[in-house]
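Trainee: The transmembrane segment annotation in Swiss-Prot covers B:9-29, B:69-89, B:98-118, B:135-157, B:179-199, B:202-222.
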Amino acid sequence: MALAQKKLMDVKLGQLPSWLGTRDFTPNGLLGSVRGGYERYYNKYINVKKGGIGGVAMFLAGYIALSYLWEYDHIKHDRWRKYH
Amino acid sequence: MMVSFFDQFASPSYLGIPNIAVAIALPWVLYPTPPARWINNRLITIQGWFINRFTNQLMLPLNVGGHKWALLLASLMIFLITINMLGLLPYTFTPTTQLSLNMGFAVPLWLATVIIGMRNQPTIALGHLLPEGTPIPLIPVLIIIETISLLIRPLALGVRLTANLTAGHLLIQLIATAVFVLLPMMPTVAILTAAVLFLLTLLEVAVAMIQAYVFVLLLSLYLQENV
């Protein structure tokens, strides 16, 4: 199978730079990959006959993790200030 | 060097990207468009049921002219509720604590209701400035008072939402800090305070929903007077 069509998990470590070279990093390409990711998540967890709280809960947990990552700098400085 | 409790409301940004951009875009992601099916899956059905219920409820007091605002008011309601509820999650940022955002919602929409009233039925719109049955000597004062109350509406709408959410988040942070500090010293008091914190969180969930509802309800009320 050609390198470009392989998914990330099937690419061997040594082939990673060349695989990255085949990916589309233009703005349109990035948008396409975000949309593709959204559709994969949506069709797997939300758009199912008996969807439950799991799909939404995973997404919100990811959002909390992302928010923590973004605020970490501020939290670190708060902690340092509190303990001098 | 005091750790300010108001730091949580400063608009955060990471690597130059403001977090508020993601926080505002998030509600759009959480409500997928229903696919063109006869009967949808469970989650989409629940979502559609909710939206239909409160759009119906919101449109009850409005006449047919006001129904043109159905999309705007329903989407505003969903947006505000989602943003408020997401802000209760740990480490997240609530855009509605920023006065700029709330005024950005309140002023144009209020102004739209006033302009619609003045254009389509100016007599009735101006007539709202004087309640029925006022004694004659009071009329000049009352007109001034009613005009001021009319002009202060956008400010009240925006500040109400901002103040309620900011106060709620601040209280949660204060009481949580108190619990943490008290835990090594007086565990019993800490447990009592933790119970207060739990009740406060429940209150905040309710406030989050109620404030969004009040905002949209008042707007629909102003529309009802004028359309």
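Cβ from N, Cα, C; glycine included.
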Trainee: Using Cβ distances below 8 Å and needing 3 or more such pairs, separated by at least 6 in sequence, tell me whether the transmembrane segment (B:202-222) contacts the transmembrane segment (B:98-118).
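Mentor: The answer is yes, given that the two segments have at least 3 Cβ pairs within the 8 Å cut-off.
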Trainee: Under 8 Å for C-beta pairs, could you tell me which stretch among B:9-29, B:98-118, B:179-199 has the largest tally with the transmembrane segment (B:135-157)?
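Mentor: The stretch with the most contacts is B:98-118.
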Trainee: Are there residues at least six beyond either end of the transmembrane segment (B:9-29) with Cβ under 8 Å to its Cβ atoms? List them, or say none.
Mentor: 78-79, 82-83, 86, 92-95, 97-98, 101, 166, 169
Trainee: Sequence-remote contacts (6 or more beyond its ends) of the transmembrane segment (B:98-118), Cβ cut-off under 8 Å?
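Mentor: Apart from its flanks, the transmembrane segment (B:98-118) reaches 9, 11, 20, 24, 72, 76, 124-126, 150, 153-155, 157-159, 161-162, 215, 219, 222-223, 225-227.
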